[in-house]
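Engineer: Pulled the feature table from TrEMBL, pasting it below:
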| type | residues | note |
| --- | --- | --- |
| TRANSMEM | B:12-32 | transmembrane segment |
| TRANSMEM | B:44-60 | transmembrane segment |
| TRANSMEM | B:67-85 | transmembrane segment |
| TRANSMEM | B:91-113 | transmembrane segment |
| TRANSMEM | B:120-140 | transmembrane segment |
| TRANSMEM | B:160-180 | transmembrane segment |
| TRANSMEM | B:212-230 | transmembrane segment |
| TRANSMEM | B:236-254 | transmembrane segment |
| TRANSMEM | B:259-279 | transmembrane segment |
| TRANSMEM | B:291-311 | transmembrane segment |
Amino acid sequence: MLMHAETAAHAARAAAPDPAPILALAKVTKEFPGVKALSDVDLRLYPGQVTALIGENGAGKSTVVKTLTGIYQPDGGEILVDGAPRRFATAQDAAAAGITAIHQETVLFDELSVAENIFLGHAPRGRFGLIDWAEMERCAEEILVGIGAQIDPKVRLRDLGIANRHLVAIARALSIDARVVIMDEPTAALSHKEIEELYELVESLKAKGKAILFISHKFDEIFRIADRFTVFRDGQLVGDGRMADVTEADLVKMMVGRDVSQIFPNRERRIGEEVLQVVGYDHPTEFADIGFTLRRGEILGFYGLVGAGRSEFMQALFGITKTSKGITKIDGRLSAIRSPADAIENGIVYVPEDRGRQGAITDLPIFQNVTLPSLKRTSKNGFLRLAEEFRLTREYTTRLDLRAASLDTNVGSLSGGNQQKVVIAKWLATQPKVIILDEPTKGIDIGSKAAVHEFMAELAAQGLAVIMVSSEIPEILGMSDRVIVMREGRIAAELAGEDLTPETLVRHAAGI
Amino acid sequence: MLKRLLASREILLLGAIMALLALIATRFPGFVAPSNLAGVFNDTAPLILLAIGQMIVILTRCIDLSVAANLALTGMVVAMINVAAPGMPIGVILIVAILLGTLLGMVNGLLVWKLDIPPIVVTLGTMTIFRGIIFLISDGKWVNSHEMSAAFKALPRTELLGLPVLSWIAIAAVLIFALVMRRTTLGRAFYAVGGSPHSATYTGINVGRTQFWAFTISGALAGLTGYLWVSRYAVAYVDIAGGFELDVVAACVIGGVSIAGGIGSVAGALLGALFLGVIKNALPVVDISPFWQLAISGSAIIIAVAVNARANREKGRIILKSAEHAA
Amino acid sequence: MSTTDRFIPDRLQSPLERRLKSWESLLLLVAIAIFIANSFASPYFLNAWNLSDATFNFTEKAMIAFAMALLIISGEIDLSVASIIALASTAMGAAVQLGAGTPVLILVGLGTGLLCGAFNGFLVTRMGLPSIVVTIGTMSLFRGISYIVLGDQAFRGYPADFAFFGQGYVFWVISFEFVLFALLAVIYGVLLHKTNFGRAVYAIGNNPTGALFSGIRVARVKFILFLLTGLMAGVAAICLTSRLGSTRPSIAFGWELEVVTMVVLGGVNILGGSGSIPGVVIAAFVMGLVTFGLGLLNVPGIVMSIVIGALLIGVIALPRLWKMWRG
Amino acid sequence: DDMRIALVVKALGIGFFEAAAKGAEEAAAELGGVEIIYTGPTDTTAEGQIEVINSLIAQGVDAIAISANDPDALVPALKKAMDRGITVISWDSGVAPEGRQMHLNPSSNELIGNMIIKLAADHLPEGGQVAVLSATATATNQNIWIEEMNKVMGNYPGIEVVATVYGDDLADKSYREAQGLMQSYPDLDAIIAPTSVGIVAAAQAVQDAGKAGEINVTGLGLPSEMAGAIESGASKSFAIWNPIDLGYAATMIAHALATGEATAEPGASIPMGRMGEVTLDETNSGAMADPFVYDASNIDEFKSIF
Ligand SMILES: Nc1ncnc2c1ncn2[C@@H]1O[C@H](COP(=O)(O)OP(=O)(O)OP(=O)(O)O)[C@@H](O)[C@H]1O
Ligand SMILES: Nc1ncnc2c1ncn2[C@@H]1O[C@H](COP(=O)(O)OP(=O)(O)OP(=O)(O)O)[C@@H](O)[C@H]1O
Ligand SMILES: [Mg+2]
Ligand SMILES: [Mg+2]
């Protein structure tokens, strides 16, 4: 599965000479407050070739996409189309220059029809320059059929499921007659069959001489369809070349800058008695029939493709989603959890995936974030005691080795990793029994990532039960004692020990 | 398809209006006579015009509380122009009204777009400023019927094919904006910006500029209505259409326009306005004290927003295959 | 795990330093400037009794503004407050007709306020409806009920001792209303800035989802805020009714916008998340001073509202313009 | 120092009150050493008038002459003014007796009540349906006139008052109310509007409905504003007292009371310059003069005056 690299087809491709690049980035820099997302990166896309862009979460891949499509303006450097420098003020400028993209975040409109989602901004015009709906729906149908999607173009988008939405996003990118097609993790939410159809599509685009930028975390697909690669690490270009010349291990090493095995802490496993029992969790549209148990000191991994419903289930367990049914027992006692406040009282806490929106309150200072769920303890008769708040905050942020100018600094101004530490500190201060970490290392830098892993291991060692949701196979393999795989809202498998291999994980997650 | 059509907000509201008319007809059959209904429509025409503009503004996640003040200011200016130059052709007056309204709308739009001030604050401020300006330019004096020229007063009431011009203007606005909203890039941009500003940016739509255009359209319609109002009621003073902005917002809400943006239609705004218009005109006829009117329209707003919220309840992401298309 | 000797200070800026650089100090300067300008502009300004009379122009509105500030900081709004005053006043008037004494009147006034607040809170937090639309609806509904009850009539005949709340003096020129205003300012200041509840309000306003995910009972806090706002409208109803000595359904018409203006002028972000009670207190004085000062010069109220409207937009626009101009 | 007399009106900008202000200035010129402060809220609310009164108290004016938006709500504020030694009288639309020293009715209420129904009845020898379009439901004077009118209905057999509606002294609202009346009562013969705003709006509505000559709009209005309605036939006749005289008389009375030349008590006579004298009844109110009827025969003479 990992090493299709040495196929005959590949060798043949490698032999072709380099044509002139259609699109190039030269020394492009992009900064956000506190983060240098791109520094002096170069990138070249050739006609008829697929270039894979790889790198860890937060390496700057999506930032490149947004810079190329006029959504972000680079702070320095140039974008060259056919060798001539260009500026894209808006996405429409980029489309006019022949650049189209499938963005990682779905760029779609719930209330509009499928056809309109595909053609918004460049709809076919009829008489007097008015939008021709019949023509638009016909073209949409054509494109959707072309990518093997069976979706009625007249249906409103909100009535579609996650995979079909993704197909609409792909159709949208293809509706622009472009020379450069960018795909930012296009297969993340697709099933096996749909992925195969996408590969065929990529082949046909190549055959038409288009330049393709393909972003993915899945090595098998990169080796299957890419001709070239470019690797980013922390916003910098660390390597590029032909796929034929590298192995998976080389790429991983470039990505992380050291050997993979070193990332994960060795930990002694002391698994204690059962703390959490979950039975029969059901939701009308998101998940069905979820049940499992969890012990003290255990790390339970939850794996699945993006959109498998893991976050939704965890939020139901935490009391956010009220439409779901199910039973939660803590230490053998039935616990009625109807809100996060109930969950916290029962010792269950949740570190959400969406840090900026759900995890931290970015416009409030660190200490207020940390003490928010613990105010009952730091206050007296309902009146705040700032000294006590600072004491508690200092205690837990020191344990996590937080880096910040002061405890009064707004969380929003911290780097992703430090924001995550604030969120974790917030929960540890409540002295929980079960901690749920949803994609705990998504979008944080290598150093913080290792710190989070180490800390997770330490928590387990101290007897906390840990649930870790992750879409990264190395992380799942490196950290979990046991893994539950979810697919389309249901448990597909529960794996441990020998069964726990990358192949079994992928097979159950994709339903092959 | 038919099922979807039946369930749509507009059809629901149309049904409600029909039911209301039927109910009134049982007590006072004369109310549903075509001539009377035409009168009701004519009376509601200003509300329809403003509701269309407001609908577009709300669609882009903004709100325009200054429409009534804009109407009053424009109305006063054209009335004063008419007094000063009675001979000026009505065509010119009409253009001045639309231009001035547009300008005032642009002021709102610019403050929202360029300075990023929340729309409610902007229009709350301009609402009081516009009214104040009327006082300053008119010195608080009324412009009365006898000071206006006959031609000035004649336009909205001239009958064409049995309907007054005022009604025809409302009909034209409904048709034009139905076309604009469905068949032009700008019209679709309003929906996109309100539905998801983030995604709109990704598709190359400038969110602030689109909102600016929404305020501009709302202003233009308010200006047009300003002239029509003043000439129809043959009077201009500081307080005309005082508090009317809330009726306008109410018409939109009843018409299924979502205050959260992205949802709404010209048909909805039209029906919402008609709903209020029918109630307003029917109360005295069916001999319910006019003092009930406020409470009834308040209840209508609350019921409408509750019904619409039910229809729009966020379904979340549909992950289970069995759940897709089920609704 | 690895504890470095890296030390993170609690704060970089002392609280005093922060306060000096704040919005409130800027507003205080404006207030002082207006005070000085007034004393030069009119010989009648610097007079204890006159200044005391002037406070009646804002005390009742400010009482509501305190609760409204918390509500707006939490990301909601209540446009029905003026109508709650009307309904509470009507209920008190009805109680008088049934022979109720002053203590019962107080209970009726506060109770009606709480009930209306609970109704708004229910619709917003339980039914999940947007507060701006809901309260536009209840704004018509509550006042509409007053109109149904009273029609063209008035309630009068309030007991003599009831007059104390709106017309009584506690000490020399210090009116009961002013004392109540000061007391409520302190209570709301402490509630917002010194308690867990206040912290929750800020958290919710900054990020309701984040607050919910941190275990804050968001719906409950918002419900309480609607109750408090209703209660304060009830308190204001008692004061205003006592001051006027009679009840008409049109009482306190249009106050909701003045209250919101006061809150926004006080530096509360209309989109939620930030603002302070001292800011609102100073804004109340600024508005009171502007209206009173211009009133002494016999400037019509509508011209004063231009000043207020311009202040409203100006105070938000100027810093942004300054930033744009500086690059 | 000049004596300062404040003329507080229901709302600024209304033609009737502008004319009254002219009369007040005339009185001030005649008296000498009197400054008139013409003021009022911009909308017809009691709260607005209270703020105005408060600022007048603060300025220490010598007298306040007010046409009230609400007879009760203004009482506490006006009492305070009297406590501070300010002379307070009401005119046109009155304040409850405890809130003023005297009230000047433009004319006797009985006379006006009789006049407005007579104007309608004179053109309906066979009898018919009439409706009343009033100002705000809280306007004191309108309510009293309507009450007086109802008392004398017996003298006009065959005349039936079918409805009373309120236009709030807003032109557009009055217009719609008049329209509503025509819809609800297809056989309506006359609309009585005892308010200068309402009568103009009603006449306009009748004219627009093409019923000029069919429905007679009458009541109290200003010749300048009603000239068009008389011409079109929407109104056959209407009445009014002279607002200039009213402002003039109110100022004269306020001056007399403030200087102590006269005292307001039942039975007292207070001089009003060229308008003669007013005699107070047991509620300290008095009437200025009889209303005057305008129709096609004399409208042209007066329409340029007020
Ligand atoms: N709008 C923004 N504001 C602030 N920081 C941002 C913004 N967008 C991206 N970043 C930061 O820039 C860095 C690069 O982000 P980017 O989304 O490009 O990563 P990525 O390589 O696409 O990661 P992933 O594999 O998770 O999609 C991250 O540290 C991210 O937090
Ligand atoms: N029910 C929900 N409502 C709103 N946002 C959600 C919901 N569930 C997830 N999200 C957010 O939407 C974003 C996109 O989610 P994504 O497509 O990555 O799925 P995911 O949550 O990673 O998948 P899984 O459900 O398997 O965990 C994430 O930031 C996530 O936090
Ligand atoms: Mg990315
Ligand atoms: Mg997830």
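Just so it is clear, glycine is given a Cβ too, placed from its N, Cα and C backbone atoms.
Unlike curated entries, TrEMBL annotations are predicted automatically.
The shown structure was predicted, so the numbers you read here are calculated from the model rather than taken from an experiment.
Can you walk me through where each of these features ends up in the structure?
Structural biologist: Same-chain neighbours of the transmembrane segment (B:91-113): 62, 64, 66, 70-71, 73-75, 77-78, 81-82, 119, 122-123, 126, 130, 152, 155, 208-209, 211-227, counting only residues six or more beyond its ends whose CB sits under 8 Å from a CB of the stretch.
Remote same-chain residues near the transmembrane segment (B:120-140) are listed as 63-66, 68-70, 72-73, 76-77, 80, 104, 107-108, 111-112, 236-239, 245 (criterion: CB distance under 8 Å, separation of at least six residues from the stretch ends).
Within its own chain, the transmembrane segment (B:160-180) has Cβ neighbours under 8 Å at 38, 41-42, 44-46, 48-49, 52, 56, 186-187, 221, 224, 228, 232, 265-267, 270, counting only residues six or more beyond its boundaries.
Sequence-distant neighbours of the transmembrane segment (B:212-230) (same chain, 6+ residues past either end, Cβ-Cβ under 8 Å): 45-46, 49-50, 52-54, 56-57, 59-60, 62, 64, 66-68, 70-76, 78-79, 93-94, 97-106, 108-110, 112-113, 119, 143, 155-156, 166, 169, 173, 186, 190, 236, 240-241.
Sequence-distant contacts of the transmembrane segment (B:259-279) (same chain, six or more residues past either end, CB-CB distance under 8 Å): 9-10, 13-14, 16-17, 20-21, 24, 40-41, 43-44, 47-48, 51-52, 54-55, 58-61, 63, 174, 177-178, 181, 191, 193-196, 247, 250-253, 293, 296-297, 300, 304-305, 312.
Same-chain residues lying 6+ beyond the ends of the transmembrane segment (B:291-311) with a Cβ under 8 Å from its Cβ atoms: 7, 9, 12, 247, 250, 253-256, 258-259, 272, 275-276, 279-280, 283.
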